[in-house]
Structures are given as C-alpha cells and as structure tokens.
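Chemist: The structure's right below; bear with me while I get my questions together.
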Amino acid sequence: MLKMNNIKKVFRTDLVETHALRDFSLQVEEKEFVAVTGPSGSGKTTFLNITGMLETFDGGVYELDNEDVSKLNDKQRSRLRNEKIGFIFQSFNLIPDLNLFDNVDVPLRYRGFNAKERKQRIENALERVGLSARLKHLPSQLSGGQQQRVAIARALAGDPRFLLADEPTGNLDSLMARQVMQLLEEINQQGTTIIMVTHDSELARRAHRNIHIVDGQVSDYQDLQPVLDVAEA
Amino acid sequence: MFQYYLKLSWLSIKRTPMLSALMVIAIGLGISVSITVLTVDYLMSKDPLPGKSHKLFHVQLDTYNKGNTDSAPGGLPYQLTYQDLMNLSRSEIPSKQSRSLRSGFSVIPEKVGLTPFSRSARVIDNDFFEMFKVPFLFGSPWEDEVNNKAKKVVVIAKRLNDKLFDGENSVGKTINLDKQLFTIVGVIDTWEPTPRFYDVNNGAFSDTEQLFIPFSLIPVLELPSWGSNNAWKSEVFESYEDKLRSETMWLQYWVQLDTKAKQEEYREFLAGYVEQQRPLGRFEKEDAKTDIKDVVQWMENNRVVSDDNSVLVGLSFMFLAVCMLNTIALLLAKYLKRAPEVGVRRALGASKLEIFTQHIVDVGLIGLAGGALGLLLGQLGLLGVKSLYANYERLVNMDLTLIATAIGLAIGASIIAGLYPAWLICRTNPSIYLKTQ
C-alpha cells in the first residue's frame, strides 16, 4: 500500500549538495503503526514530507495505493493527499484566527463535501478527541495538548488511510504526550495506518515497527510487535 | 469555494488591518485620480445621441478664395455663410434639417420683482427639436410654415419658465424679448447635452440656450450673432442685408441623412452646388472641398476632447500603475507573512491552483474596497474640478457606467497586481513552514 524503492532526495545550493535520502526503500502495510527515529538531520522529516507528497524526489519509485506518485500533477497529488493522508505536526499548525470548527473544516473544504456532511464530520472528529464542547474556541484558548488533539481531529475528519505524524508529542509535557500517544494508538487500532517520526525512544517502542534512519538511509529495521506482545502479556 | 475564499479574505484583512488599509488607500488614491480624469474625458467624448448621431450631419463648405485656408482642422471652416445656408436648405435630400445661429435677447419680465436680464437664444428651424431629441414639457415646436414665414414665436427652457412663470404651463402666453412680444408655443424639459454637440465651436461646454426662436426671424429682426464670425474677405457692411449677402461665416447647418445612399447623394449635391456657384465668382479654389460630418466626427474634428486631456488620462493611469506597484510590495509582505498558513493548507490538500485562487479573491476584495474608497475620493476630485472650471459643471457627475468602471478598474488592477504575489505564494514549498511555524 505504501512502497518506496530507491528514493533519492538531494537539496542543492550553489555550493553544496546535501543528500537527504539515498536509495531509501520502505514498504508500509495497511494498519501498521511505524515509528521513524534517527538523529537530527538524518532525513526523517524529508522522508515524511515525501510520503505526504509535500516534497518531490529526485529518483526512485514511490507508490501510494498502487499509484505512482511521480506521475501525478499537483492537482492529483493534492487530491490524493487530501483523501488519503492526514498530517499531525510537532507545532500543531492550527490556523490561529480560525476557531476549532473552522480549523477542522479546512481539509473538508478542499474535499468538496457539502455543508451538512462537513458539519457532521467536524463534530464527530472533535468528539473523538474529546473537544466537542469547544467548537467556537480559538486555538490560543487551548492548552498544547488540546491543540494537538484538535490537529488530530483535523487530520482524521476526512477519514484518511494514513496518518503522518512529525514529532506529535515534541511540544508537550509527558502527561499530555502520553494522552496524545494513547489517542494515536486508538486511531491505529481502528484501522488507520500511522507513520510517526519521533525522537522519543519510549514512544517509538510503542509502535509496531521501528525504522531507524541515518544519513538518509534505513539503517535498522525492527519489528517491535513481539516485544510489545510480551510486555502486554 | 468562492464564499469560503471571501470568508478567508475577510479574516486575512482583520488579521493585518494596517497592511490591508495601506493597500486600500494606495488603490483608492490611484483609482480616484484615474476615475476623476476618466470621468471628464468620458463625458466629453461620449456619443450624446446614441442610435441617432450617425444620421445627423454638420455641413461644411470651403468658400475661401485661392491662397486662403481656414485654420480649422482639415482646412474647412466650421460655419457657413447666410447665402449658402439659404441655398442649401432648399434641398429635399435631408429628411430633416435645421439652420442654426447663436444669438440673444434682453428678457423683460412682466413678473413683479424681476428685473430685465439677458439670455442667449438658439435661432433654428423646428426640425431641430426632433433631430436632437429635445424633450418637451409643455406645447410643441412651431409649425413648419414658420420656418419660411417669420413669426414671433418662441420655445423656452424649463429654467426660464420656472423663473418667469413659476413652472406653470406658459404655452400661449407672451414673453417680452428686446421690447417685442413673442408667443410661447412650447416649454422644453431640462435638456443639457454635454458637450453641447450641436454648436461645439461656440463653447462645447457652455450652457444650453433658454430661448429657441425661428431662423426665419433673422432677416426680419436683424439678429446679431452671439457666437463666432469668420471671414476671409474684407467687406464693409452698410446694412444688415450686406451681412446676409457677405462671405462672412457665422451660421451652422445640420441635416439628417438616414441612409448611406442619402449621405452619398448629399455629398454629390454639395459638390454640384460648388460647381453651380463658380460662375458667380465664388469657390475660387479648384479643389474647393465640401464635407459632412456626423455628430461624433464633428466632436472629434473640433477637438472637444483636447490632446491635453488625453495626456492627463495617460498620466493618471501611470499614477495608478505606481499605486499598484506599491500594492504589489504590500501584498508580497502580507502574503509572505501568511506563508506558514499556506503550507498548512497545502498539507491538508489544497492544490496550488486553489491557493492561487484564494489569494486572487483576496486581492479582488481589497480592490473592491479600494475602488469604493477611490469613488469617494473621486467625487471629491470632481468637486475640485467643478470649483476650478465652471464650464465643466455638468461633466462632474458619475453615471452608473463610470461607477462600474471604477469598481471594475480597481478589481482588475488589483488582480493584475496580485498575480505575482499569488503565484509566488502558491509555488512556495509548504514543507519549509510546517516545521518552523
């Protein structure tokens, strides 16, 4: 369902060429929860941006649900992103002058849903993250944890197949981080595939699979599910 | 989506009130200057009789002798001699015609409390009213026979009727003009063609006359000309008759020619008339020209819209361009500030085209506000023109076309100004901002 083969990404300036990803290959199956770790500058975020079609790549093949992404134009990529991918960011990236309802509404607008369906989806999504009573609040009136839950609601409102999370707990204290992680796990259990970039090894261990990136390449590949199964037992 | 984009634009304006206000002011200033100059230019040059102006023709003959040429554009004099006018008016080719002179009278009111005053008069044939679509409030033009058989009848303007008769129907009453009683046969409603196309060479932006009397009265009352007189020949007038027989050009002549065939026939008629007059010692030039010009051509020929005005229009649009350049800079500042939000929208599924459209709607809304401000400032500008140039008084009113033009110009110019900033912002790599917000 998500397949990358020998992806290359090079950032160029007049003087320097930086290879962000080199022959990067990965396959993610449906309903997986994959944690991506690695040192700063290793290429984690570049990988996530390419996965979310926010960045183009310089070589290799990337297929999302059997569609060759490199052959799509901007409109098709945007459509695919809107329908199949939800984003969660470290700094939440809520739009400050839109209330919660309108923030969650953003991806639904681009999907072209009618007003009634949008309203239904927004209310459901905010209820799912426990914020249905704060539809008219502005992001600035919420705590960091609450803002991240709104961002999750926004990402989920369109029922995406994939959730891409870039350090989703990076700006949260440990209590809120645990709550957000718990929410992500619930979402994954309900069938959404999650790819999460994190520096936090504890969080990474809670994923099904841990991919470690160093210098733009997958350096380690660890299936953690058996470990977690033992821990749960 | 358009409504959604409008909502986002409104939020964006609220978020950046200073930048937005500066843009609205910049656009408003540019539009106000442009629309002020454009209003004057448009009203000066617009077709005063749409649908009919192409059928009405002003007649010109080159009566100058060899070696003399009129200084008017094309070398043809603006006006005609009395003898030519009388000869030409016998033609039955035009469906309607009107000889014309600007003269004037002292009006001696009967109404208590009013002192005598002078008023200019248009001395014409009765076809004048129908040819130029003059609206009547009371009564009608004089009978056809009065065109040839002088009779002291008069049509007065509403303004004069209000002054002398308090706006009542004065048809049948008399009015004392230069101590002679004229019977009022009609009162015309407000009629202020701007420019005064039927006599542009005697002040295209002067007021319309308030008295209209039959042309046949000219020799009877020996009416003076209150307009321009042109002559190439040194002639001494010992009597009014001498003036009527002279080569002095002091009268205008309009004919209505409804079809191309009639127009062609009339041109041939004029050429034939010149040949007929040559044996009498007139029209000495071998290539003595004749011409007929319709209303719009006549206004162009007389440069109703001066070259200075065209230069002013050009300058005003240059000023608008400078204002729009400033707007581009402000838009760039505003949109680059908003780039992180664009990054989020792109991540959530907006295409480049949708981001571009959103920003174009945004500049369109700012342009609309700028246009509204420009209209307000433009009205002030027109009041300034009015106070400076009394003759332009009627030119300073914007009609719906001009208001729509101002708004359209503001939105159009804003969208053009917004193309580059919107294009730049929609091409921005969203991933740069998603990490740094």
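Just so it is clear, glycine is given a Cβ too, placed from its N, Cα and C backbone atoms.
Curation does not apply to TrEMBL; its annotations are automatic.
Look at TrEMBL and you will find B:20-265 tagged as domain 'MacB-like periplasmic core'. Taken from TrEMBL, the feature transmembrane segment applies to B:21-44, B:311-336, B:360-382, B:402-425. The domain 'ABC3 transporter permease C-terminal' annotation in TrEMBL covers B:315-430.
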Chemist: Per DSSP, how many helix, strand and coil residues does the domain 'ABC3 transporter permease C-terminal' (B:315-430) have?
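Modeler: Final tally across the stretch: 103 helix, 0 strand, 13 coil.
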Chemist: Which sequence-distant residues neighbour the transmembrane segment (B:360-382)? Criterion: at least 6 residues beyond either end, Cβ under 8 Å.
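Modeler: For the transmembrane segment (B:360-382), the sequence-distant neighbours (Cβ-Cβ under 8 Å, at least 6 residues beyond its ends) are 2, 5-6, 8-10, 12-13, 20, 23-36, 39-40, 327, 331, 396-398, 403, 406-415, 417-419, 421-422.
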Chemist: Please give the average pLDDT for the domain 'MacB-like periplasmic core' (B:20-265) in this predicted model.
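Modeler: Over the domain 'MacB-like periplasmic core' (B:20-265), the predicted model scores a mean pLDDT of 90.
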